[in-house]
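Since the structure comes first, as structure tokens, the remarks are kept for the end.
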């Protein structure tokens, strides 16, 4: 097995196919960047440090922005585009282990705090920052016992708190205590034939200990509070280490190695075990059943009603009967009249197709396991690249619709498709990035990465949009199933429940209801620093979203046409797209009920990023609803006899 930097939960597809074909243990090989790493006893293990994270501020910082112990030379690891955008800063650390060789009370360094360093530690402890470390591509976690289920396996908290705030017994003054002793546990799975081992777990228990020693401090001074020779180890924080000016802090760690039955391919399973998994599964299944039942009812009603309408319209024989036609057939000569701002509609439809393609392909890769949490930044990198290459379909869809509206300047539509949505997002992102940069956070995107994003946009996405538009515009025009009159028909006064604003707002409730349960877990994984890996259920929810958007738009479009209102183009887009409004309102509710963000900059970042997400959701759901209604109207008007 070769060495690699990245790991995935599943072996290569070739390996899986080989196992299925041979029905016994086949010799499998791994895709590049997927191979496990074998360690012999005594092999060095390099622990890397990642960013400091806080759910209170949402502003990541590099590990060495705080005066921790550091090695002689700090070496940055090469990061992918997604890692940089996430604010990851992976560097080497002073923590060095040897495989299957336990250590006790290893002294890392001694630090005497001055006013500046004491203030920095206090600020980070106040904001509940956590230290993130990586060993063999596994993140450092703190096992937390579940109070309600003592026999259940522990939940894992990603990263370890820098310190805690507390009080001495009998005192009301709050003090800051630093976790200066880390008790690491490295779990490994041993190969009995070769005696090599693979790392399958990386856990830690933090302690705050005021270390003591005799005499003056020298390099090899033995501690009295933690001595490997006397078998005296740290097991509690009864005498914690305060963070104050002129305080001396000695950083130490223990390493214990535990053999585990967990195999390397399954080592992420424990990390991805969600604390409230039963609620999650029940809610998803419940949502699925409700939406499927509702979809069946809606489809049955629509099919029966439409069948009766079409049969009735096709039985009209005399001119007198034809003049008395009512309902949706009455507006046949206006239903395909180009809408106002048709150019803008084409642009938004093309952008929605681009976003739909990106989401669909991303979820397919995620379901297959290629975008697991072990591949840090892989999900974001894949989404960015797929968005860029899906520009081809965006240009094609926009120009096809534009040509149907009798448009002639395809280059102008291509230009607007290539710039409208990305430019809006980029402006918001640039402002948010400036705020992050002002806080000196590692989450600020560097100039080089910003240049790479601009290059992907202008160098690849824009040309592909133009290529797609050129190909789409050269295709034959989409012919309408009925002819359109030159003079538009007057729309009769509508009932209150058919008011455009009311029907649009009503239409967005059902699509949002199909995804809001999953949305809770997605927001939790993003803003509360937890793992998310139920991509199979996410894909099911995505399919439910597509079906729901299509059906609710078709139903409301049918009612609208029956009321002799033929202005369905924009309303079909806005009906399902209005679910984005509910998404943003739910994000606001989540902010005030689940998050503990108090800093204004952090609040601006949250609402800024959720605004981008809601805008993208609007484009996606709006396009799904539009195409469903577009197909529906063409189908019903091509099914009736019209003189």
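Glycine residues also receive a Cβ, built from the backbone N, Cα and C atoms like all the rest.
Annotated by TrEMBL as transmembrane segment, the relevant range among 281-303, 304-326 is 281-303. TrEMBL assigns the feature transmembrane segment to residues 494-527, out of the candidate ranges 222-255, 494-527. Contact between the transmembrane segment (419-438) and the transmembrane segment (573-592) is not supported: fewer than 3 Cβ pairs lie under 8 Å, counting only residues 6 or more apart in sequence.
Taking Cβ pairs closer than 8 Å, the transmembrane segment (533-561) reaches residues 268, 272, 274, 280-281, 284, 287-288, 291-292, 295, 298-299, 302, 305-306, 327-328, 331, 335, 359-360, 363-364, 366-367, 371-373, 498, 503, 506-507, 510-511, 513-515, 518, 521-522, 568, 571-572, 575-576, 579, 621, 624-629, 632-633 in its own chain, all 6 or more past its ends.
At the 8 Å Cβ cutoff, the transmembrane segment (604-632) and the transmembrane segment (377-398) share fewer than 3 close pairs (sequence separation 6 or more) and do not count as touching.
Touching of the transmembrane segment (494-527) and the transmembrane segment (377-398) is ruled out by the presence of fewer than three CB pairs under 8 A, sequence neighbours closer than 6 excluded.
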